[in-house]
Amino acid sequence: MKINSRCVNYSLFIKEWKDAKRKLLPITAGIIIFSLFTILMMYALPYLVPDIPSELFPELTPTVLSQTFFSNANNILSIITVILCVDAIAGEREKNTFTLLKTAPVRDSSLIIIKTIVRFLLVIIPYIFSTLFAFFLIILMAGKPDIPIFLLASGFFILSLLLYVCIGLLISTFTKSQLSSGAVSVLVVFSLTLVSSLLNQEEAARYNFLQIPVNVFSFSFSNIEIIINVLLVIVFSILLLLLSIVIISSEKEPTKK
Amino acid sequence: MNPLQKQENQMIGVKVENLKKKFNSFFALKGISLSINKPGLYGLIGPNGAGKTTLFKCITGLLTPTEGKVILNNTAVNRKLLFQKNIYGFIPEDVGLYENLSARDFLHILAGLHGLVKTQRKKRVKEVVDFVGIKYSPNKIVRYLSTGQKRLLLIAGILLHDPDILILDESLSGLDPVVRSHVSNLMKELSKEKIVLYSSHILTDIWKLSDEVFVLNNGILVEHDTPLNIIKKITKNVYYIESNDNEEIFSFLKKVSNIKKIEFEGNKILFQIKSENVIDEFNEILSKIMEKHSILSFGYYEPDLDQLFIKMVSSNED
Ligand SMILES: Nc1ncnc2c1ncn2[C@@H]1O[C@H](COP(=O)(O)OP(=O)(O)OP(=O)(O)O)[C@@H](O)[C@H]1O
Ligand SMILES: [Mg+2]
């Protein structure tokens, strides 16, 4: 009896996608509101803290606004992404649906990879919409930002979202409930953001791949540096995926809560 | 009909060899061996915590045994063997469903997850839905189905890939008598071609339905036989007589040497016969009594099943 694994994987994808699709609209709306908020906040700041002399606030050029958008996205979206992903396995355990997958001829590697792909889509689709929104808002408010750099920043940010998705999935494989995986992910992402902002100086900043979307607005990167950073993110993502697969397939009691 | 083109006459069977499962320092299964090699309905009973669920999870590879092995249709259970997952269909006692899907989508996705390609899926889902007797609209969202409706959906779900072995953990619990008897009939029907291994706390079902019964207690298989033989073994030649002259019969029986343990149960006198030929002995006793007294009823005593269960389990406690 040969198992048609393409059909199995496709069905798993459909199952995951049907579930993710329901969250797409609220997440997109939420992230767009978030972008609007971050950008308008820059304009509101001088009025909110009137004690600080207005010279201390930066001039709101398109570059400054773009940088603000990406830096906020970096801090907030990273954690949202991880939290959106931690239900991938832990949620199935908690709802007792994992047995349905574990008693079906689904390969552990396909399970992890398909869940990663679907979560990645779930995160980047709202993100792309909100970036477009931010882009036009910045044009409207301050003028046209440097398009190649803006594209580079968003492209790189999308790539780093892949890394965050993989982090979320890994956390999801070894936690038993959504609550504990949520707690672990907040901890992990905060420490990551902390470390990457501490490392964001001089030479280290050039390879500080979690801060690239912000840093491209401050100084320019050579092509080689960009490629190295891209590779770093991809390699880390793949390592995390492999680790998740190893954890899932070596578990003695995969359906345990 | 058969969507996965199984080979005909393939041997079907469940074989468990000296299976042990340890959780931390506690043995939930202490060396179980059993062998089933023909279609039929096999009941597994045992008190709460006996290890029934643990046994089922070891058989389906959801738990890795500490020792021993399980063989399904000639191949040792190994989680990495994907084709093995299509040999069995398992309904765990506390399984969750994809709550947000419609019943139809749920079945289609489950069929796909077991490797049924799109072209076969629609036909197969319809076949299974008809067989199981799902009457509600396929557009209903799983979340809003009742317990009984969910159970039928699950049964349909595990039949899609036409497994040889069905393992149902407490699948009769929580159902009203009508649905329960419907599900029992389905199980009976399925057991003509498949091995149906199920656990239940509803003893009347187990005794009525099963071709063979396994009794598990404290992680040990304490009994394995046909329901009738088990009842015989436990009751060990207990007969009853019911009469209006119970007191006199009671004192008469007390004098018969081959009779042990005489007791009243309601209007009946129960007594155990210890003899080479129990039937003859019983007839002899009966005819002696009938010379003087009129008897309302008599016969082989089949105890209340719950009592039997308690007896069986407690006699193995020590
Ligand atoms: N994952 C686990 N970790 C630790 N102990 C466990 C685990 N699973 C089961 N046990 C223990 O193993 C024993 C057998 O449990 P099991 O669930 O197999 O019983 P059961 O016969 O199915 O009972 P019930 O009729 O209540 O469903 C119990 O004492 C239980 O506490
Ligand atoms: Mg159980």
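Every residue number used here counts from 1 along the chain in the order it is shown.
Yeah, the Cβs are placed from backbone N, Cα and C, and that goes for glycine too.
Keep in mind that TrEMBL annotations are predicted by a computer and have not been checked by a curator.
Positions annotated as transmembrane segment by TrEMBL: A:24-49 (among others).
Summarising the annotation, TrEMBL assigns transmembrane segment to A:69-90 (among others). Counting same-chain residues at least six beyond the ends of the transmembrane segment (A:69-90), those with a Cβ under 8 angstroms from any Cβ of the stretch are 23, 27, 31, 34-35, 38-39, 98, 115-116, 119, 122-123, 127, 134, 138, 153-154, 157, 160-161, 164-165, 167-169, 171-173, 175-178, 180-182, 184-186, 188-190, 192-193, 210-211, 213-214, 217, 248.
What TrEMBL lists as transmembrane segment is A:117-143 (among others).
Proximity of distant same-chain residues to the transmembrane segment (A:149-172), defined by a Cβ-Cβ separation under 8 Å and at least 6 residues beyond the stretch ends, is recorded for 66, 70, 73-74, 77-78, 81-91, 112, 115-116, 119-120, 123-124, 127-128, 131, 135, 181, 184-185, 188-189, 192, 209-210, 212-214, 216-217, 226, 229-230, 233-234, 236-237, 240-241, 243-244, 247. Sequence annotations record features per position, and here TrEMBL assigns transmembrane segment to A:149-172 (among others).
If one looks beyond the transmembrane segment (A:179-199) by at least 6 residues along the same chain, the residues whose Cβ comes under 8 Å of a Cβ in the stretch are 74-75, 78-79, 82-83, 85-87, 90, 164, 167-168, 171-172, 205, 208, 210-211. Positions annotated as transmembrane segment by TrEMBL: A:179-199 (among others).
Among the features that TrEMBL reports, transmembrane segment is placed at A:226-248 (among others). Only residues 6 or more beyond the boundaries of the transmembrane segment (A:226-248), in the same chain, are considered here, and those with a CB under 8 A from a CB of the stretch are 89, 108-109, 111-113, 116, 152, 156, 159-160, 162-163, 165-167, 169-170, 172-174, 207, 209, 212, 254.
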